[in-house]
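The block underneath contains the structure these notes are about, expressed in C-alpha cells.
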Amino acid sequence: MGQHVSRTDFEWVYTEEPHASRRKLILAIHEIAHNLAFGHARPLHNKLFGFFANLPIGLPITISFKKYHLEHHRYQGDDQKDTDIPTYIEAKLFCTTFGKFIWVILQPFFYSFRPLVVYPKPPTFLEFVNLVIQLAFDALVVYFLGGRMLGYLLLGSVMAMGLHPVAGHFISEHYMFKKGYETYSYYGPLNWITFNVGYHNEHHDFPAVPGSRLPEVKRIAPEFYDNLPQHHSWTAVLYDFVMDPDVGPYARIRRKAKGLSS
C-alpha cells in the first residue's frame, strides 16, 4: 500500500489505435492542403489548422505536403513533377515479392524523401515556421512526458504509412492493377475514418469538394464511376501488390514533362 509507481513502470502494449488515428490525422492534413477545413476564402485559417493537426505526428509535414501534393493533382503521371510516382531505382530494386514487402514497410521514407531527390524545391518561410512549431511541441512532449512518448508518436506515424490496412489507400489509388486505368476508388467502410479518401476518382475530378461530399458526387453521377475498376479491400490491395508479379512500384502510368515549367 502506498508504494510509489513511476510512469516507467508501466508496460507498453501493442494496439492498432495509434496507427489508425495517426493515419486519420495525416489524411486530415490532406484535406487541409486542399483548403477544405475552412474553405478556399480562408487560406490562413487552413494553414494554422494544419500546424495544429501536424503536432501529434511528430514531424513537420503539413506545408511541404501541400507544396508537392497539389502538383500531383495538376501534373498526375508527370515523371518529374508528380513525386507520388516511385523512381526508376525503386522499381528496379523492389520488384520481387520480398522486395515489394520491404518497399511497403519503408514507404513512409520513400514518400517523404523522394521529392527531395526527384523534384527538389527551396524551403519556404512557412516550412520553417512549421519546423519551429513542431520542434517546440516535441520538446514539450519530451520534457513533460519523456522521450518514450515522443518515440511512441513518431513510431505510430511511421507504421501508419507502411504495412497497415489503412495505408493500403496509398497503393490502391494509382497503381495499375488493371491495364490502362490510372486511378481507382474504394467504397468500403474504412472511408469512415479516412475522410472518404477512397473516393479517389471523384477526388481527382473535383479536388475542391470536401471528402464528406464525395459520396454525393458518386451518387449524382453514377454513369461516370460505377463502371470503372474499383477496389473492395485495402488489405487485399496490399496482399495483391506484394504477391502479384505483374504489379509493383513500376506499375504506374508515366508521362514526359510537357508545357511551361511552373
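The backbone N, Cα and C atoms fix where each Cβ goes, glycine too.
Taken from TrEMBL, the feature domain 'Sphingolipid delta4-desaturase N-terminal' covers 5-44.
Annotated transmembrane segment per TrEMBL: 48-65 (among others), in sequence order.
Positions annotated as transmembrane segment by TrEMBL: 91-113 (among others).
TrEMBL lists 125-146 (among others) with the feature transmembrane segment. Sequence-distant contacts of the transmembrane segment (125-146) (same chain, six or more residues past either end, CB-CB distance under 8 Å): 7-8, 47, 51, 54-55, 58-64, 67, 153.
Listed as Cβ neighbours of the transmembrane segment (152-171) (distance under 8 Å, sequence separation of 6 or more from its ends, same chain) are residues 12, 18-24, 26, 56-59, 101, 104-108, 111, 141, 186, 190, 193-194, 197-198, 200, 233-235, 237-238, 241. What TrEMBL records for 152-171 (among others) is transmembrane segment.
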Same-chain residues near the transmembrane segment (91-113), Cβ under 8 Å, at least 6 residues beyond its ends: 61, 84, 157-158, 161-163, 167, 170-171, 238, 241-243, 245, 248-250
Segment-level pLDDT (mean, integer) for the domain 'Sphingolipid delta4-desaturase N-terminal' (5-44): 75
